[in-house]
Amino acid sequence: MSDSPPPDVVGLGSYPTPVERAPRLAAALGLEPDDLVVKRDDLLGLGAGGNKVRKLERTVAVALRRGATSLVTTGAAQSNHARLTAAAGARLGLGVELVLAGDEPPHVAGNLLLDRLLGARLHWAGAVDTPGLERLAAQRVADLASAGTVAELIPYGGSNAVGAAAYADAGRELLAQVPDVAHVVVAVGSGGTQAGLVAGLGTGRVLGVDTGATADPVERVTGLVRELGADPTGLRLRLDQVGQGYSTFPEPVRDALVLAARTEGLVLDPVYTGRALAGLAAAVRDGDVRPGERTVLLHTGGLPGLFGSASAPGWAAGLAPGTGSRG
Ligand SMILES: *Cc1c(COP(=O)(O)O)cnc(C)c1O
């Protein structure tokens, strides 16, 4: 009797993730109350949830098939992907090493706190771009190999074709829940989530909102869509919510966090989901999304990033209380 082969997907999350109406947020945006649905991929489970869980179920399966006992990946100091890689490793009994951009911050907060809690080994890469970070991580994999440890490099954001394919499946999961979906609005970082959704739903129904995580979002998403065997023609990717950069917290994003919180009790994050909602608000203003069109805001997680943000505490301290609007 032989052992069964390792699977293509390692179960780490809970499916399907819920969809919730958001009538007060819809009305505040200028949509009809029934137009807007939030898909809660923040509730996937595993160390605070988020879209990276779906991708890791595939990329970690590859690592296990190759006999890896350690995972190495990259990200920003407040990377949700790095935190979830640490959680996946903990769940599966694998070592995890994170090569993080920048220098060690003075305060251990947000995702970084969780990385340490989950047992990951951290390496600070200093000022490097994404390709530089990937090279350092590949070097770390090679060093581990020389020391006799089989380590797998999980790509930046989990976004190779294997990881991104998870969101083609998520697109089909969504279609079963919201058959008349006209727009899915999603924040874009490493690009795999939008690319997978496009492979599942077509370019016309997926509105990406760039966060400034990489210098080449259009090229990344386009390339991944092609790798998934789909057609990127007509890709919808807004570049207008980046502000002064990925790690900044621009005014429209601040407004979006307040709006979601005070209309629906829905908490977004300053880097990703706040930008997605700010992008949706802009799309309604310029007529790209219209009343009467079923619209899904994909909540991709990221809450620890709110608690790891340098600027959020001072901003929140200055917020005026709400008044309530029920007559
Ligand atoms: C990584 C991330 C995204 C973007 O997903 P990509 O596949 O990297 O483009 C969106 N939201 C959150 C909370 C994330 O952590």
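Backbone N, Cα and C atoms are what each Cβ position is placed from, and that goes for glycine too.
What TrEMBL says about this protein:
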type: ACT_SITE; residues: SER79; note: active site, nucleophile
type: DOMAIN; residues: 13-301; note: domain 'Tryptophan synthase beta chain-like PALP'
type: MOD_RES; residues: LYS52; note: N6-(pyridoxal phosphate)lysine
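Between the recorded positions LYS52, SER79, the minimum number of other C-beta atoms within 10 Å of a residue's C-beta occurs at SER79. Rounded to a whole number, the distance between the Cα atoms of the residue listed as 'N6-(pyridoxal phosphate)lysine' and SER79 (active site, nucleophile) is 10 Å.
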